[in-house]
């Protein structure tokens, strides 16, 4: 059985400021650095053999902290990037016009083929993050990889493993530096292939950050 751990990056400056990040970037806050160190301590106990990370700055930094604790090299994979949020990237959420807010809401309310202008659809996101996960099956026998990615990207990945369409209403909360695990297995009582073992575990964090849309 292949076990793959999924970690969302630590809290960033734009998370704290309620700005839309997408594939734009901002650095980890002091709290985000602390979260990354806490998840690294947890990861060290899991026997991680490979760290595969989105190549955006916030995931790079989170992955670096985890890699140092685990003694692993990092493989960067652009397929693990966050959803491209087009013309709304870098914008403060409270500054959006009614039309712009409607574009944003399409990504979370189950709108088929919803997308922000110049951005990605949830199906496009799903195709690439699932392809990145499938690549883990090519690792040597006995590998235990950890993927560092983003909130919407990982939420979409876990939801599609559960059989939901990529564009389904977003109902899975994955906080900064939460840990999820998915397994590839053959089972008598589960569908063959990928299954979700756990999602959004934050028991290793002292004080989880609020999601940027809850502030």
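Cβ coordinates come from backbone N, Cα and C, glycine included.
Database features (Swiss-Prot):
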BINDING   8-15, 21-22, 58, 60, 82-85, 104-105, 151-152  substrate binding site
ACT_SITE  9  active site, tele-phosphohistidine intermediate
ACT_SITE  82  active site, proton donor/acceptor
SITE      150  site 'Transition state stabilizer'
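Here residue 150 (site 'Transition state stabilizer') is positioned 11 angstrom away from residue 11 (substrate binding site), judged by their C-alpha atoms.
Following the DSSP three-state reduction, the secondary structure of residue 14 (substrate binding site) is helix.
The DSSP secondary structure for residue 85 (substrate binding site) is coil. Summary: among the recorded positions (8, 9, 150), the fewest other C-beta atoms within 10 A of the C-beta are counted at 150. Straight-line distance linking the Cα atoms of residue 85 (substrate binding site) and residue 150 (site 'Transition state stabilizer'), rounded to a whole number, equals 13 Å. Long-range Cβ contacts of residue 82 (substrate binding site) within its own chain (separation 6+, distance under 8 Å): 21, 22, 23, 54, 56, 149, 150, 151, 152, 153. Within 10 Å of the C-beta atom of residue 11 (substrate binding site) sit 26 other C-beta atoms, taking all shown protein chains into account. Residue 22 (substrate binding site) falls outside any helix or strand according to DSSP and counts as coil.
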